[in-house]
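From TrEMBL, here are the annotated features:
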TRANSMEM  6-25  transmembrane segment
DOMAIN    11-90  domain 'Prepilin peptidase A24 N-terminal'
TRANSMEM  74-94  transmembrane segment
TRANSMEM  100-120  transmembrane segment
DOMAIN    105-207  domain 'Prepilin type IV endopeptidase peptidase'
TRANSMEM  127-145  transmembrane segment
TRANSMEM  151-167  transmembrane segment
TRANSMEM  179-204  transmembrane segment
TRANSMEM  224-247  transmembrane segment
Amino acid sequence: MELLIVYMAALYGSLLGSFFNVVGLRVPKNESIVHTGSHCTACSRNLNWYELIPIFSWLCQKGKCRGCQTKISALYPVIELSTAFLFMISPLVVGLSKELLVSWCLISLLMIVTVSDIKYMIIPDKVLLFFMPVFIALRIFIPLAPWWDPIAGFALGFGLLFFIAVASKGGMGGGDVKLMGVLGIVLGWKATLLAFILATLFGAVLGTAGLALKLIKRGQPIPFGPYIVLATLVSYFFFHEMIDWYFHFMN
Ligand SMILES: [Zn+2]
């Protein structure tokens, strides 16, 4: 039974990942996510069903459009694969509980945000405004302990990044500030604090590595969203393990 759920989660995860690509690409451009069929963004050719199979279509076409041969970003299969993987590990980490619903919704928001932030350096308000009431409702029915923890998480997440945004004079985008607040509702204040610490750590380490390897230029703006996404996943799924490990390491 549990194995079946894991397989189904991977299958639906890859299909939803495909949809999250579309949402992340179209919402910032105010395009409809349902009324226009899938098409090549370079030549506008409509795609056939066999060009829409998550992960496999991209691999079979060697990352190129079958019509115009324009390269298709590796971001798309990466998002499909990541969503499939994360949907699959969710029941294994949080168990077959109501919290599974929270984890799948959280992953959905994180994947959409990753696409928008990498493509346009934007975290769309529309996406956050869709997920915020969903998370509030989920945390009313699947509460954290104490009950006010989601409120504290929101205030802490929003507050910490707001402080950095002001202190860095715009080095941090407003979208990141709002995103961290919304994520705080799911995480509660402790896991929000850990996510914040991890995000700045990932940003510093990967940013320095990127500079050293000349993948990014000094002063080039880098989206901070993907670091928040990575840090949130680690903090949400492995908060207790991280804390145990930290105190074990310190003693
Ligand atoms: Zn094309």
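Cβ coordinates are placed from backbone N, Cα and C, and glycine is handled just like the others.
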Please report, as numbers and ranges, the same-chain residues at least 6 past the borders of the transmembrane segment (224-247) whose CB is under 8 Å from any CB of it.
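Sequence-distant neighbours of the transmembrane segment (224-247): 86, 89, 93-94, 103, 106-107, 110, 113-114, 116-118, 123, 172-173, 175-176, 179-180, 183, 186-187, 190-192, 194-203, 206.
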For the domain 'Prepilin peptidase A24 N-terminal' (11-90), what are the DSSP-based totals of helix, strand and coil residues?
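With helix first, then strand, then coil, the domain 'Prepilin peptidase A24 N-terminal' (11-90) has 43 helix, 4 strand, 33 coil.
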Taking DSSP states H, G and I as helix and E and B as strand, how many residues of the domain 'Prepilin type IV endopeptidase peptidase' (105-207) are helix, strand and coil?
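Residue counts for the domain 'Prepilin type IV endopeptidase peptidase' (105-207) by secondary structure: 86 helix, 0 strand, 17 coil.
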